[in-house]
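Here the structure is laid out as C-alpha cells; the discussion comes afterwards.
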There are 2 protein chains.
Amino acid sequence: MKSIGVVTPQSMHFSEPLPLQSGASIADYTLVYETYGVLNADRSNAVLVCHALNASHHVAGVYENADGSLNHGWWDNMVGPGKPLDTDKFFVIGVNNLGSCFGSTGPMHPNPATGKPYGASFPVVTVEDWVHAQARLMTALGIEQLAAVMGGSLGGMQAMAWSTLYPDRLRHCLVIASTPKLTAQNIAFNDVARQAILTDPDYHGGNFYEHGVVPKRGLRVARMVGHITYLSDDDMAEKFGRELRSGAYQFNFGIDFEIESYLRYQGDKFSSYFDANTYLLITKALDYFDPALPFGGDLTKAMAHTQADFLLVSFTTDWRFAPERSREIVQALVNNKRRVSYAEINAPHGHDAFLLEDERYMDVIRSYYGKMWKEIEQTPLHKVAA
Amino acid sequence: MKSIGVVTPQSMHFSEPLPLQSGASIADYTLVYETYGVLNADRSNAVLVCHALNASHHVAGVYENADGSLNHGWWDNMVGPGKPLDTDKFFVIGVNNLGSCFGSTGPMHPNPATGKPYGASFPVVTVEDWVHAQARLMTALGIEQLAAVMGGSLGGMQAMAWSTLYPDRLRHCLVIASTPKLTAQNIAFNDVARQAILTDPDYHGGNFYEHGVVPKRGLRVARMVGHITYLSDDDMAEKFGRELRSGAYQFNFGIDFEIESYLRYQGDKFSSYFDANTYLLITKALDYFDPALPFGGDLTKAMAHTQADFLLVSFTTDWRFAPERSREIVQALVNNKRRVSYAEINAPHGHDAFLLEDERYMDVIRSYYGKMWKEIEQTPLHKVAA
C-alpha cells in the first residue's frame, strides 16, 4: 500500500471573533490543518477528520524529524492512497482544534489582550465551538458541503455535532467508538485527571509558562489513569498479566510488574509533550458534550434536524464508550428515519481499537467510503449549498 | 436489633521479632484489636474478621468522639447481637494490621533502631505476614482454633491465606468480594494511586512526618481513583448521573457535576486521616497476593492443604473483583473436594456491596453462621489443636 509520504501542515488566521458557547469569545485565532489528496472540481469529495484527546491535525502521512526519525499521522493506517479512506479519491482535511497544543491557538499562546500566554484564562471551549471553527475553515477552503465528517471517540462527538449544527453541510457522518454523552464514571475519571493537574504545585494556577516549569507530575498521573480506560481488562491481562519485571517481588515501591513500567513510561512520555491547560480544556469538552441536554435529554429530538447518512462503529471490549452508547445514537437516528449503518466490532483492544488495525473494522470503513464514492460520482452536486 | 454499644480497643505488645516474606523482620510491635461477645468455655466460638484497605480493628459497635458524635464500626450492620454474625453466640475479634495507621505498629511509629518514625523504611508487608501476626495474637488470646476467619476484599485474601498457612486453625473460611490475585488492571489502578502519592512534593520520600506536612494532594487523587473502582458504573449513573451542581455548566474547572463534588469530598476526607505510607503498603499487599504463584499459577495446588469449609460470596456488578474471580477460587476448592458454598449476589453497588445492607447477602451470611453454630454445639472440641 502506498503511503502519503511527507506532509506539511498549513495554517489559516481568522480575525473575526469566534463567539463561544460559554458566552466568551476568542478575538482572533489561527487553525493549523493538513490536507491529503486533491479537491475535485465540484468540491464534492472533501472529508473532514476530527481528532480526539491527544491527537492533532496530523492525521496521515509522515513528518521527518530533525534527527531523521519519522512521525506518522495518528490515523495513517486509515487514511492514504488505497486505504479505507482513500486519498486517491477523497480530499481529506485534518484540523487541530482550538485550545489544543499542536499549533492552533491555545493556552500557551499570547492573549492579544495582555500579551502574556492565556494559561488558565483560555476560554473553556466545547465540541460545538470546535465545530463552528472547523466550519469557518471549510468555508475559507471553498468547501460548502463535505462528503463526510468522521471521527473516533471525541472526534466522533464532533462528527455528531456537525450533523446537528450544520445539517446541510455534510452528506455522511461517521461516528466511531463514541457516545452521546459521558457517564458519571467517565466524568469521574476525567475529574481525577484534572485534579491531579490542578493540584500539582507546578501548575501555578495555569500560569506555569511564566515560571519555566511544567506540571509533569499531574500530567503523568492524568495520562496513567486515562490510559487504563483506553485498554480493555482482557487486553491488559493478555499483554501484561502479572508479569514481573525482574522475575521476583522487589518489596519496595519501584517497579514490580510490567504493567507499572508500561503505564509510567506512557505517563512520562505524555507529560513531556502535552500541555496541562489543554488537557483540562479537552476533558471539559468531553464532559460537556450532551446534544440531548437542550431537549430535556431526548436524543431523538436532538437528532431530528440531521440530514446526513450515518455510520456508527463500536467495539465490544470498549468499556469507556461501550457499544450500548453507540446503540443509543443508532436508536435516536432510526427513530428519526435516518439512513444509518451500525457495526459492532468484536475486538479485544478496548477503546483504543478505533486507532488500531482490525480487518473487519477496516473493511466496514472501506466499504462505506466505496459506496459514498459511487454516490458522489452519480450526484456530484451539493444536495444543498447554504 | 440491639447494638453492641460503646466499644474500647485493646492492644497487645509482641517482643519476639516477626520474620516477613521479604526477608526483613519487625523487631517488636503492637497490635490493636477489638472483641465483641464472649469467648465460650471451650474457646470454640471465636471468629476473626479481617479488614480491607482503609478499615481497621473497629469492626462493630461505636466509639463516642470527643464532640459526642458516634463512630460506628465498618461492619456494624454485619456483626452484633442478632446480626448475621451474632455476637450473642460468637466471640468476634477485629485486628488492625501491621503497617496500618489506626493503632497497630506502622510507618508513623518510631523505628526502635533509629528512634525516628519508620516512614518509607517500614518494611513492605504481605497478606501472609499479616496472617502470621494475627495467628500470634490468636495464640496469645488462648484461641487455638477459630470457628471462622471472615473478610471482604483484601480481608477475604487474609481469610484465604489463613486457610493455606494455618489449615488446622480455622473450621470455616468466609471469602467475600475477593480474588485469588489482582489483574493487570487492578495493579494499574493501584500504581496510579501510588504514583500520585510518591510524586507529591509533600511526600518527602516517605519522611513527611519530620517535615510537619502530609502529601494530601497525592492521597486525595489516590482515593478518588480508588473510589471509582469501588462503585459500579450503573450505580454511579443512578446516584449521580450527569446531575449538575448549579443547574448549568460553569465553564471553569470548579465543580460542574455532582459526581465531581462527591469524589473530591471523599478524597479530601480520606486525605485528612489516612497515612500515605500505609496506603502504599496496603496497595502493595494487594498487588502481591497470589497464593498460586509458588505453585506455577495452579490455584488448585495452592489450596490443596486447606482443611476448612468455605463460603464464597461475590456481587454481580463488582468490576474490581468480579464474580469470575470468586468462581476461580470455588473451582480450585471443588477440585480439592472441599466443602464450599458460593453465593453470587445480584446487587447494584459494585465492590462496595460487601459493606452494604442487602437482604439476600445478609441472609446468606446469617444462614451460614446459623449452620456453623449448630455444628459448634454438636462438636465443640477442636478438630485439631496444633
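Glycine is no exception: its Cβ is also placed from the backbone N, Cα and C atoms.
Where the annotation comes from TrEMBL, it is an automatic prediction and has not been curated.
If you check TrEMBL, you get these features:
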ACT_SITE  A:Ser153  active site, nucleophile
ACT_SITE  A:Asp318  active site
ACT_SITE  A:His351  active site
BINDING   A:Arg223, A:Asp352  substrate binding site
DOMAIN    A:45-343  domain 'AB hydrolase-1'
SITE      A:Arg320  site 'Important for acyl-CoA specificity'
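Of the recorded positions A:Asp318, A:Asp352, A:Asp318 has the largest number of other Cβ atoms within 10 Å of its own Cβ. Taking A:His351 (active site) as the reference point, the recorded positions whose C-alpha atoms are within 10 Å of its C-alpha, out of A:Ser153, A:Arg223, A:Arg320, are A:Ser153, A:Arg320. A:Arg223 (substrate binding site) sits 16 Å from A:Ser153 (active site, nucleophile), taking the C-alpha atoms as the reference points. According to DSSP, A:Asp352 (substrate binding site) is assigned to a helical segment. Between the CA atoms of A:Asp318 (active site) and A:Asp352 (substrate binding site) there is a gap of 8 Å, rounded to the nearest whole number. Residue environment of A:Arg320 (site 'Important for acyl-CoA specificity') contains 23 other Cβ atoms, counted within 10 Å of its Cβ in all protein chains.
Rounded to a whole number, the distance between the Cα atoms of the residue listed as 'active site, nucleophile' and A:Arg320 (site 'Important for acyl-CoA specificity') is 9 Å. The residue listed as 'active site, nucleophile' sits 9 Å from A:Asp352 (substrate binding site), taking the Cα positions as reference. The secondary structure of A:Arg320 (site 'Important for acyl-CoA specificity'), as reduced to three states from DSSP, is coil rather than helix or strand.
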